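Per TrEMBL, the features are:
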ACT_SITE  117  active site, pros-phosphohistidine intermediate
BINDING   11, 59, 87, 93, 104, 114  ATP binding site
DOMAIN    3-140  domain 'Nucleoside diphosphate kinase-like'
Ligand code: IDP
């Protein structure tokens, strides 16, 4: 498997609880490199655009409200098989179902406020990275 890049967000529940360093330690221990990172406060439009695929879901309004409720840290992670690897490190969407040692098992409090986002495929990773980073902001 080749070296890949994936897009990550440390969500508002992580910044609120001052957990960004603790989450980054798990990411780096898993062998992923943080090749771009910035702390931003997402606008409503940015959150709605980012989660457009979920716009028909009943939790969409709640999700946009949560993602704009405080700062987030957006990141590009790089490594062998980074997309699948980060999904494994994140754990299941619902922390109640997440495996031991995963970020969501360690830190997440609910299915909505679940600490991290990670891209699910190469196509979505490319779109998501381009939404938040210019090419020269990514330093591998
Ligand atoms: P993922 O983040 O594990 O890829 P998705 O199913 O793509 O999970 O859902 C995107 C995000 O929407 C989740 O990370 C979570 O924040 C939120 N979400 C998903 N399901 C629910 C729900 O049932 N209630 C509230 N929020 C949800």
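A Cβ is built for glycine as well, from the same backbone N, Cα and C atoms used for every other residue.
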Neighbouring C-beta atoms (10 Å sphere around the C-beta of residue 114 (ATP binding site)): 23
Site extent for ATP (largest Cα pair distance over 11, 59, 87, 93, 104, 114, Å): 21
Distance-selected binding-site residues near ligand 1 (C-beta under 6 Å), from 11, 59, 87, 104: 59
Where the residue listed as 'active site, pros-phosphohistidine intermediate' sits in the secondary structure, as DSSP reduces it to three classes: strand
Long-range Cβ environment of residue 11 (ATP binding site), under 8 Å and at least 6 residues apart: 66, 67, 72, 113, 114, 115, 116, 117
Among 87, 104, 117, the one of these recorded positions whose Cβ has the fewest neighbouring Cβ atoms within 10 Å: 87
Neighbourhood of residue 59 (ATP binding site), C-beta criterion under 8 angstroms, separation at least six: 112
